[in-house]
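Asker: Attaching a single structure in structure tokens format; questions to follow.
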Amino acid sequence: MLGLLTVLTTAVHFLALIYIGLGGFLAWIWPKSIFVHIFFALWGIAVNVLPLPCPLTVAEDYLREQRGLGPLPGGFNEYYLYDTIVPREILPVIGILALLLVIGSYVGAYVLWRHRQQQTGGVPGRPVRLG
């Protein structure tokens, strides 16, 4: 059971990273989701630049320790991403691209929100048609 929980925690961690990178695009369809994404994006930045532990890494380390495996060497990103999925040499480029992707998703969400406001005369709750 602990093995399954560890795998699920790891999967949720990967999904959280994907959401941090791409979740802003959900606001194009569901505008209010931008507030959840802003929290995730700020948290993602904070745990990488401040000495804050990621709660998912803490949970995964706890489950691994219960299984006798010990904590992830270097943390989640170090163990699963760096030099495995992403070469360490291009990490600065990946960071800039991720930031541009999030900014682009927010700009698109704002443009669609403004367009919706103009079409509906400011009436909230009307769906956006893409395409």
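Glycine residues also receive a Cβ, built from the backbone N, Cα and C atoms like all the rest.
All TrEMBL annotations are machine predictions without curation.
For 6-27, 34-52, 90-113, the entry in TrEMBL reads transmembrane segment.
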Asker: Residues sitting near the transmembrane segment (34-52): Cβ under 8 Å, six or more positions beyond its termini, same chain?
Answerer: 16-17, 19-20, 23-24, 26-27, 77, 102, 106, 109
Asker: Should anything in the same chain at least six residues away from the transmembrane segment (90-113) have a Cβ under 8 Å from its Cβ atoms, list it; otherwise answer none.
Answerer: 20-25, 27-28, 31, 34, 41, 82, 128
